[in-house]
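Here the structure is laid out as structure tokens; the discussion comes afterwards.
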Amino acid sequence: MLAVSSRRVLPGFTLSLGTSLLFVCLILLLPLSALVMQLSQMSWAQYWDVVTNPQVVAAYKVTLLAAFVASIFNGVFGLLMAWILTRYRFPGRTLLDALMDLPFALPTAVAGLTLASLFSVNGFYGQFLAQFDIKVTYTWLGIAVAMAFTSIPFVVRTVQPVLEELGPEYEEAAQTLGATRLQSFRKVVLPELSPALIAGVALSFTRSLGEFGAVIFIAGNIAWKTEVTSLMIFVRLQEFDYPAASAIASVILAASLLLLFSINTLQSRFGRRVVGH
């Protein structure tokens, strides 16, 4: 009996596994271990004093509020942009699709400088919003704008492949059975999109938690008002207070990991429920 040799795209299992583990150790575990080593230099009382400092707590609140608003905005308009790019054909569609990746390619400092110019009192958007007594620069709203700009591609690029795979024929079939467009979207499209949409919003939120370059230009560094956690960490590093910087960072890291774990659990349960039906 002839032995059938299986062809693999990657080299041998041992080499592939070893390379993967090396990558995980160097890129993921090593930075985390450095963070833990810095935290080990602090007692629990010192750690608690740092993370519960009133100014640090205020930075947590501003960061979480702005990231939440930005992620909700991205969830709505990211879904809308993915829908337009997938369901419609129009002149300039390819250019618009390419522009969706601009926040990834644009340096965050350049993005922050551009947003600060547009939303300043004399800027194009700033002058318009001033008529409604809305100020964006040097407020938490400016932080949310910067976060939304830098993280909206996560939603668009997560939802877009699912929409392309789903196709419009499912909506058309629902409409031929008497469903309205809203009903077909809510009962046919949205259940299929929900896992990808939730994942995109979660990625947008976690990305926003660590935003620094764009935020500093549009919101500045006003104590108790526009300070974000990434800026607090930077200030502690400038003071060579590495344990305190690590303590502040550990709270955001824990929040991000908890969110990602919750989203993965929710997605798996949602997937099992859909398959069960």
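Each residue, glycine too, has its Cβ placed from N, Cα and C.
Residues or ranges marked as domain 'ABC transmembrane type-1' in Swiss-Prot (evidence: sequence analysis): 60-263.
Here the transmembrane segment (17-37) has Cβ contacts under 8 Å with residues 246, 249-250, 253 of the same chain, all six or more residues outside its ends. Positions annotated as transmembrane segment by Swiss-Prot: 17-37 (among others).
Sequence-distant contacts of the transmembrane segment (64-84) (same chain, six or more residues past either end, CB-CB distance under 8 Å): 96, 100, 140-141, 143-145, 147-148, 151-152, 154-156, 159-160, 163, 193, 197, 200-202, 204-205, 208-209, 228, 255. Per Swiss-Prot, transmembrane segment is recorded for 64-84 (among others).
Remote same-chain residues near the transmembrane segment (99-119) are listed as 81, 85, 125-126, 129, 136-137, 142, 145-146, 149-153, 156-157, 211-218 (criterion: CB distance under 8 Å, separation of at least six residues from the stretch ends). Annotated transmembrane segment per Swiss-Prot: 99-119 (among others), in sequence order, evidence recorded as sequence analysis.
Annotated transmembrane segment per Swiss-Prot: 136-156 (among others), in sequence order, evidence recorded as sequence analysis.
The list of residues near the transmembrane segment (188-205) in space but at least 6 beyond its ends in sequence, with Cβ under 8 angstroms from a Cβ of it, reads 67-68, 70-72, 74-75, 78-79, 151-152, 154-159, 161-163, 166, 170-171, 174, 179, 259-260, 263, 266-267, 270-271, 274. What Swiss-Prot lists as transmembrane segment is 188-205 (among others).
Taken from Swiss-Prot, the feature transmembrane segment covers 215-235 (among others).
Taken from Swiss-Prot, the feature transmembrane segment applies to 243-263 (among others).
Non-local neighbours of the transmembrane segment (215-235) in the same chain are 55-56, 58-60, 62-63, 66, 109, 112-113, 115-116, 119, 136-140, 142-143, 145-147, 209, 245, 248-249, 251-252; each lies 6+ residues outside the stretch with a CB under 8 Å from one of its CB atoms. Panel annotation: around the transmembrane segment (243-263), residues 35, 38-39, 41-42, 46-47, 50-51, 56, 60, 63-64, 198-199, 202, 205-206, 209-210, 229, 232-233, 236-237 of the same chain, lying at least six beyond its termini, place a Cβ under 8 Å from a Cβ of the stretch.
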